[in-house]
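Below is one structure, written out as structure tokens; the observations come after it.
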Amino acid sequence: MERYVVGEDQTKLVRTYKAWKGNNVFCLQGRLIFGPDVRSLPLTIFLIVGPLIIFLVMVGRKLMDDFNHWGVAVVVAPVVFTCWTLCVLLLTSSRDPGIIPRNKRPPEPEGYERSAESLPGQTPRLPRTKDVVVNGTVVKVKYCDTCMMYRTPRSSHCSICDNCVERFDHHCPWVGQCIGVRNYRFFYMFVTSATLLCVYVFSFCWVYITMIKRSEDITIWKAMIKTPASIALIVYTFIATWFVGGLSVFHFYLISTNQTTYENFRYNYDRRANPFNRGMFHNFAEVFCTSIPPSKNNFRALVPVEVGFPERQVSRDYFTSNMRKEYSDIEMGKNREWLEDSLQEGGHHGAQHSEISTEKDAATTDVGRSRSAKVPPKQVPYHPRNSSW
Ligand SMILES: [Zn+2]
Ligand SMILES: [Zn+2]
């Protein structure tokens, strides 16, 4: 297939998804977007569908006979419910989670004017953080070196996908996608549906064992031995329920207090005021009853082949321990400042990958000695270079 399309003015055009700088995997010519670890998705589907098939064949089929006219419902209900679970799983993993498009060049520093003392070639410095007011609380947002922009409140850079994601919750390796503003509700529906499915299979395996016990008038242990598939399913769903059920309860708590997993691990709102908390009812409405914001990316749009990036220098010193201490000392309150974004980026179910992400950012940007980010002076021409695409 042709790599480029030539536009009317002879500019080379390429589909956005082909020139994508993040680590995402695209399917159906950019119609579906996954994280780089999408290969774990078939495993997740297998972990759902596999036990269901065993349940239907080894347990459900026999329960159908015992339940008379309710028997069909015992088998059909988990099939329908599994289809629903797979739907919300795919809605979680195959769509834009809320990626903020990267800037092509760094923003101009606000209020910057070249002074008379400025030496030729001297570059203005971008402040590392910017203040944003959220519900009367000053929130500091961090400059993202990779995306060359100030992040919006609650957004964070996923070190695995290499994108800034709005209302970043975490990167879920099981669904192979970031969980952000556009797929959080589907993710929550997925974990709660999976929990209910586990409880259903667990319960009906016990029902089946009890029926064997009654019909053959034997002890419960002997009845269990007669159906090893039920024992395997009971053990499997018991373990799985702790995992997905625990996640469901944890995210119920996060939604009710309007926190993300990332914020919960990072900031511990229990001991500080959370500027996003609007009360339990409104917090739930915010997640489930608001329209999903449209994607900020059109992965199939034709864009000119990028010819180069301006040089900019960003400090490695920013990530030093002194700075970490400086930021950890910032406290939050009505008249205090809140460091919205952190020095640590990304996360795996809340686990923080500070070193990975720091190195990632350092590897993908030009790193200088200065503490502040630098942008090129206006008179420096925009040097083209060969695109990697
Ligand atoms: Zn970013
Ligand atoms: Zn991610």
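Positions of Cβ are set from backbone N, Cα and C atoms, glycine also.
Note that the structure is a prediction, hence the values are computed from the model and not measured.
Features as listed in TrEMBL:
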type: COMPBIAS; residues: 105-116; note: compositional bias 'Basic and acidic residues'
type: DOMAIN; residues: 142-266; note: domain 'Palmitoyltransferase DHHC'
type: REGION; residues: 100-128; note: region 'Disordered'
type: REGION; residues: 344-389; note: region 'Disordered'
type: TRANSMEM; residues: 41-59; note: transmembrane segment
type: TRANSMEM; residues: 71-91; note: transmembrane segment
type: TRANSMEM; residues: 186-209; note: transmembrane segment
type: TRANSMEM; residues: 230-254; note: transmembrane segment
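For the transmembrane segment (41-59), same-chain residues at least 6 beyond its ends with a Cβ under 8 Å from one of its own Cβ atoms are 34, 75, 78-79, 82, 85-86, 89, 93, 174-176, 194, 197, 201, 204-205, 208, 227, 229-230, 232-233, 236-237, 240. Counting residues of the domain 'Palmitoyltransferase DHHC' (142-266) by DSSP class, helix then strand then coil, yields 75 helix, 17 strand, 33 coil.
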